[in-house]
Amino acid sequence: MPSRKFVDGEVVMGRWPGSVLYYEVQVTSYDDVAHLYTVKYKDGTELALKESDIRSQSSFKHRKSQSSSSSPSRRSSSRSRSRSPGRPAKGRRRSASQSREQKDDKKKTIQETSLALLVLVLRKPSENNTKRYNGESESTEKNATSCIILEQKLKPDLEIKHVLEQYSLRSRKDEKKKEEIYSEKKTFVAVKPIEKVPTKTKELEFGGRIGTFMMIFLLPVTVFYLLLMCKQDDPSLLNFPPLPALESLWDGRVFGVFLLWFLLQAVFHLLPIGKVVEGLPLSSGRKLHYRINGFYAFIFTAAAIGVLLYFQFELHYLYDHFMQFAASAVAFSLALSIYLYVRSLKAPEEELAPGGNSGYFIYDFFTGHELNPRIGSFDLKYFCELRPGLIGWVVINLAMLLAEMKIHNLSVPSLSMILVNSFQLLYVVDALWNEEAVLTTMDITHDGFGFMLAFGDLVWVPFIYTLQAFYLVGHPTTITWPVAAAITVLNCIGYYIFRSANSQKNNFRRNPADPKLANLKFIPTATGKGLLVTGWWGFVRHPNYLGDIIMALAWSLPCGFNHILPYFYVIYFICLLVHREARDEHHCKQKYGLAWERYCHRVPYRIFPYIY
C-alpha cells in the first residue's frame, strides 16, 4: 500500500476547515510523520489537511439521482389504512413522510444559515478569489461588531433547530450516524489551530550557515569594540582603541556578582504573585502558562538597590568593572546557548522552533532549536526576555549616573544624563507593566531560544542599550533647557505612537467584539483573524516600529553631535526593525495570502510614511 495517495503538484478538492464545502487546491508537500498534506488554495492560503479531507476532482462529477421516492405524485398518494385516536381528522391528516420532509427542510435551512455565519467569519477562499480588492473599504472591510449582530439575528433559528432535534422523527440508527459525522467535524474544528506540524526549516535567514557562524564571533567583538571606544578621550571611528590583555577582561568576583544577579531575578520570577495567563496555541494545540509579575520584580529590585545605597554600597563599581561584566555576560550566554542546544536534541518534534529546525548545527545553535525550553514550569526564554537584561539596563544607567557625579564632582547629575535615564526608565517600566503583550511577539511565538536571543537578552540589551549613559560619563555634554524641552517632546511623541499602536493591536487581538473598538475596520482573513486598516495600523503597517525609532533618536540627541558613537544605537535599531519588518512581511504573506495583499494595497507604507 502506498504511503500517500496524492502527489505534489496534483490539483484536488480539499475540504475547508469546519465546513462541508470543498474547494480546488494544489498539493504542495506531505508530512510523513504527521500524515498531513499541505495544500494551497487559489487565494494563496496554505493549510494542512488529512487525507480523508481530500478528494480527487473526478469524484465531484454530477450524478443523477435514481431514487424513486423523489416523485411528488407517489409521495402524495401514500395513505394509511388505519387511524390512531391521537391522529388529526381526515381533512387535516399528514403522512409521516411529509412531516419528516418538512422538518428536514427546516433543519437544512437552519444548517445552511449557520454555515453562512461560519463562512462569514472564516472568509472562504472562493470569496477571496472572486471579490478582488479594488481599493474600496466597503466591500472587504468589516466592523468588529458585524458578526455579533448576525449571530443575534440567527438566534431564533438556532432555538428552533434545538426543538426539531429534540422531537426528530428520524430513526435512532440515522441519528447515531449523524452524531458520528458531527463528532468528526467537531474534532476537525478543534484541531483547526494545528495548521502545520513543525518540519525542516527550508528558508535560512541571517545569511544561512556562513552568516550565523560569523555573527557568533562578530557580535561579542562589536560589544567590546564599542565599550573600548567609549573609554577613549577621542572616540572617533578612525581612532582604533588599543586591545586589552585577555586576563584583564576576566574577574572571578565580577562573574560571581553576575550570577548572583541572574539568580536574584529568577527568585523574583518564581514568586507566587501576579496573574497567570495563557500564551498563543503551539503547533500541538497546547497553550503554555506564564506568570506575569515583571513589574513586581522591578519593584523588588528597586528596593534591594535602595538598601545597598543606604548601607553605602558603591554602585559605580559597575562602571569601574564594566568590561569585566560584559565579558562575564558573554561567557554566561555562550554556556547557556550550549546547554539549550544539547537539551533540544532530546525535545519532541512538535516542540522545535519553526525557524530553527534546519538540521545544520551552526544555524540551529544560533537561531535556537527548541521553541520554549522549560525546567519544570520555569520558561527560560520568557524569563530572559524581560528580566535580567531589561531590569539590568536600568540598574546600569543608575550606576553611570552616580559615576558621572563622582568623577566630575557634581552635586546633581547633568541634564543630558537625567534625560537619558528618564527616557529609558519610562521605556523599561512600560515594557514590564505591559508584560503580557510580549507573548504575541515573534521572539516568543516563532524564534527558538538559542545564541541569538540569549546573547541579545543578556549581553546586547544591558551593555549596548546603555551606551549613551556610558558615553556621557567620559564625555560630558551640556545642553540648554529649550533643547532639553524639544528632545522631551520628541520622546513623548515617539512613546505615544509606540504605546497607543501596541495597545490598539493587543486589545483587538484579545477581544475584537469590544464595543470600544466598534469604530475600527479590518480586512477578514482565512485564518479567522482580522487585519486592522484604521487607526495607527491604517497609517503604516508597523506604527510601533516608527514610535520605537523616534524614541531611539531622542535617547541619542542629549549626547550632542561631537561623535557618531552615541548614535550607534539608533542606526542599529533602524537596521534591526527594517530586517524584522521584512521577516514579518514574509510570514504574513504566507499566512494570510490574498488578504495580506489587500492590506498592503490599502496601507502601502511599511514603517516611515511616504518614505518606506
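Any Cβ shown, glycine's included, is placed from N, Cα and C.
Taken straight from TrEMBL:
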- 4-62: domain 'Tudor' (DOMAIN)
- 53-109: region 'Disordered' (REGION)
- 66-75: compositional bias 'Low complexity' (COMPBIAS)
- 76-95: compositional bias 'Basic residues' (COMPBIAS)
- 100-109: compositional bias 'Basic and acidic residues' (COMPBIAS)
- 210-228: transmembrane segment (TRANSMEM)
- 254-273: transmembrane segment (TRANSMEM)
- 294-313: transmembrane segment (TRANSMEM)
- 325-342: transmembrane segment (TRANSMEM)
- 453-473: transmembrane segment (TRANSMEM)
- 479-498: transmembrane segment (TRANSMEM)
- 519-540: transmembrane segment (TRANSMEM)
- 560-579: transmembrane segment (TRANSMEM)
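Using a cut-off of 8 Å between Cβ atoms, the transmembrane segment (453-473) and the transmembrane segment (519-540) share fewer than three residue pairs, counting only pairs 6 or more apart in sequence. The predicted model assigns the domain 'Tudor' (4-62) a mean pLDDT of 80. Under 8 Å from some Cβ of the transmembrane segment (294-313) lie the Cβ atoms of residues 264-265, 268-269, 271, 273-274, 386-387, 391, 394-395, 398, 428-429, 431-433, 435, all in the same chain and six or more residues away from its ends.
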